[in-house]
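Student: This structure is in structure tokens; I'll ask about it shortly.
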Amino acid sequence: MSDLSHIRNFSIIAHIDHGKSTLADRFIQMCGGLTEREMEAQVLDSMDLERERGITIKAHSVTLYYKAKDGITYQLNFIDTPGHVDFTYEVSRSLAACEGALLVVDAGQGVEAQSVANCYTAIEQGLEVMPVLNKMDLPQADPDRVKEEIEKIIGIDATDAVACSAKSGMGVDEVLERLVATIPAPTGNIEDPLQALIIDSWFDNYLGVVSLVRVRHGRVKKGDKILVKSTGKLHLVDSVGVFNPKHSATVDLKAGEVGFIIAGIKDIHGAPVGDTLTLSTTPDVDVLPGFKRIQPQVYAGLFPVSSDDFEDFREALQKLTLNDSSLQYLPESSDALGFGFRCGFLGMLHMEIIQERLEREYNLDLITTAPTVIFELLLKTGETIYVDNPSKLPDLSAIEDMREPIVRANILVPQEHLGNVITLCIEKRGVQHDMLFLGTQVQVSYDLPMNEVVLDFFDRLKSVSRGYASLDYHFDRYQSANLVKLDVLINAEKVDALALIVHRDNAHYKGRALTEKMKELIPRQMFDVAIQAAIGGQIVARTTVKALRKNVLAKCYGGDVSRKRKLLEKQKAGKKRMKQVGNVEIPQEAFLAVLRLE
């Protein structure tokens, strides 16, 4: 099908749980992509993790052939996008390959902050956005209110939004018809030199690097020599094709199409995402505007439990970085935990997902330290440095000013939960920016310290609003704050992996809470274990894990008191000696205790 006017490239924008993966399943079923037997729920969420959590993490693509009512068969290239705030860069990658997007909104819940953010991204990239109301079969569906919300909050016309229910299949054909009519066809010239954008790439143990590309101009077929613009290397194409949703090889990929290219690239970083491909005969094709590198917001140390796994761990991280360009890592060593990596993530969910993927897909046992954000420090010498690890913090006497990252958070919440949300934001040292009443929902925007957001803000927000509030945030600026480093000492030895950077006002409270928590988690030893929290040289909190004691007098029946005293003295001497040489094993839960401080 070479006619460009019959191709439609689109993606779906939706908040978590508004039914985009189910809608995708319906599309695949209606266009006959899979037989009844192969149909299973959430076909595109291929990672077990995605299925379990019910979220889409990676972008996927599917090519479907839809015979419309006007008798023309259209090629629909559908690129699935994640909906969670941590994966916004995946969304911008998917959108860069499309001409249009379906904005799917749950007719019961209404517009959520996430869809608003992604929708703006789509509009900025010049895409045609088409609203769809999903879950119309639910009793609480209220299409008129939701249409009004779409118009008020996002500002696109929703008077003729298509109503459907992906679960029952009602109105899905109407969605496809409208899609073919409203979303523009791709532009591009098949005769021009090849120019293709890499949307995603992943590593296959047999095939090497598999790249998902959107061809802008020209064509590419098996046996072509392609040039990767950023590395300048040449590769021979082994096969090209599309996913429908299974791998299907095709003769070639032409302008306007989305598909995969396998070129036997063995080097993991041989085809970076956002790069441009062209033929070796036309090396001077312009580079397409790629995606911007996203800066990680949250850093945490990851350490293998057994130090023999270090090399496997490094390899696993390399493979994951290919598929997930926002993950960054640097080697790090800790006195308590040995060698590992300091990894940068986009947010807490991203961190959990990466850790689970490492443990599942690469069978590693990992210990994670508490996450921190990047702080900007102005030293007395006048230079500015950035610190992402509390144990790397220079001495307080050398620091002129400490600045913490502030994020601008947009929260959409139903009016009845507004009070709780405001209380939570104040507790997290937030400063209110503005408040808009939009029908039954309220949009509040706050400036919050990122340090407070990364720990448990999202979970707390969900619980105070009974799951109705939705959050979208982005980094805004660095701002001076009175911050201190809180060290944890176990038996008078600092444990570097447990250090935290906190606001001075919260330091005593945090120190107390942390030592109490550690007391529960550190197993009792044969001697007393002192757990202390200190700021510099000043101890702000202390608890003691009491010793286990063997009753050495059990074998004495009567007899002289000096015999008993001798045994007790002997035990005392043994305990004293033990305390000098004994070391305390700190369990994995203790390192994460920091996260669960109320």
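From the backbone N, Cα and C atoms, a Cβ is placed for every residue, glycine too.
Dumping what Swiss-Prot says about this protein:
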type	residues	note
BINDING	Asp17, His18, Gly19, Lys20, Ser21, Thr22, Asn134, Lys135, Met136, Asp137	GTP binding site
DOMAIN	5-187	domain 'tr-type G'
Student: Would you identify which of the binding-site residues Ser21, Asn134 has the most other C-beta atoms lying within 10 angstroms of its C-beta?
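Tutor: Top count of Cβ atoms within 10 Å goes to Asn134.
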Student: Considering every residue in the domain 'tr-type G' (5-187), what is the mean pLDDT value?
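Tutor: PLDDT averaged over the stretch: 73.
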Student: Output the one of Gly19, Met136 that, of all these binding-site residues, has the highest number of other Cβ atoms within 10 Å of its Cβ.
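Tutor: That would be Gly19, with the most Cβ atoms nearby.
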Student: Give the helix, strand or coil assignment DSSP yields for Ser21 (GTP binding site).
Tutor: helix
